[in-house]
Amino acid sequence: MMDVNSSGRPDLYGHLRSLILPEVGRGLQDLSPDGGAHPVVSSWMPHLLSGFLEVTASPAPTWDAPPDNVSGCGEQINYGRVEKVVIGSILTLITLLTIAGNCLVVISVCFVKKLRQPSNYLIVSLALADLSVAVAVMPFVSVTDLIGGKWIFGHFFCNVFIAMDVMCCTASIMTLCVISIDRYLGITRPLTYPVRQNGKCMAKMILSVWLLSASITLPPLFGWAQNVNDDKVCLISQDFGYTIYSTAVAFYIPMSVMLFMYYQIYKAARKSAAKHKFPGFPRVQPESVISLNGVVKLQKEVEECANLSRLLKHERKNISIFKREQKAATTLGIIVGAFTVCWLPFFLLSTARPFICGTSCSCIPLWVERTCLWLGYANSLINPFIYAFFNRDLRTTYRSLLQCQYRNINRKLSAAGMHEALKLAERPERSEFVLQNSDHCGKKGHDT
């Protein structure tokens, strides 16, 4: 029967030694001519075999189950001084730019009258969520990363930090999802959707986004799935059920909705492009009506001039709709693309981690986790600049605020809007046609 050591585990080394040493001794006696072992061999052979068995039996601790805090839990990286300066500068720059960009959005919409419309309330909600990430989350992650990954802010604040991180990031993602739905309805239902697009409706949508984001935050605080938190680690709960629920609600469902909305807008833009080819209008020819009665001829030409005016208005409307659809498709495509590139690696890692490492800790290399996390945070940085790039009013307001030109911002926006409307009203290739036919109609009207 195998011996058991003081820890209650089988004494593998002692068992092997008791079996092998007597057999080796008898073998040596058989090899000796006089039936006895050589004195030198008898003296060193047991020690040699003992050393061999100690080496070969040294993996015996594999009988022990690995502790819960091994395989990456509490992993730390010791950065040099230069590395700390470089990493700290990059993380600080990301944080400050995120704060500045989202503050510009909030100030622009709240203080510029033309921008205070219900459709922009969603952009303000997005900016507030991204601003919360920059103020309440990024600084603590930056400090933790600079000291090598060790959590130093205590057990209580770990739960508060995770709650803020999850809620703000989820609110940002879900607001992007609602914005995509808003853009889709604005394009596909231009006549009916603006009626429902009022302040109360937008307020309810924004409130729903934040409540749903909070629903992901609350379970670990009320005992469903405890966060991983000790002296070194502050990690969101790795419970299988909670991981699937939180990642699905916070990312996979919103991403699916955004992709579907983008596809629908893209399809509408292509359909509009095929429909509105604008082949041109027939010219008004004085000789087109031949009649012996001059009154009938004049009446026909007046009707053609009236038809020309209606056709011009219809073409301008079609051009406006077409350009709006194309702009919405381009904007939403860039938003969805940036969102996917920033957040997809992090959520794939978060979903797979419990199944790879178990529920007690993380075995993923720290640098991989932090890279994916900061890539997701970068989405909060680029959102304000994406909207400013495609929104002329926001772009003009940004420029005025950065140049400290606070007066007459609304007047500048109105003038820029009128200039853009006049610019898009008539395409250059139709200007000659419009002038020729307008002169002809004006001449006929003067002759009457």
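Yeah, the Cβs are placed from backbone N, Cα and C, and that goes for glycine too.
Between Asn69, Asn307, the residue that has N-linked glycosylation site written against it in Swiss-Prot is Asn69. Take the candidates Cys158, Cys168, Cys305; Swiss-Prot pairs Cys234 in a disulfide bond with Cys158. The topological domains that Swiss-Prot gives for Trp151 and Pro365 carry the same name, which places both on one side of the membrane. The 10 Å shell around the Cβ of Cys404 (S-palmitoyl cysteine) contains 6 further Cβ atoms across the protein chains shown. At the 8 Å Cβ threshold, with sequence separation of at least 6, the transmembrane segment (202-222) lacks contact with the transmembrane segment (87-111), having fewer than 3 such pairs. In this model, the topological domain 'Extracellular' (223-240) carries an average pLDDT of 86. For the disulfide-bonded residues Cys158, Cys234, the ranking by surrounding Cβ atoms (within 10 Å, all protein chains) places Cys234 first.
Cys158 (disulfide bond) falls within a helical segment according to DSSP.
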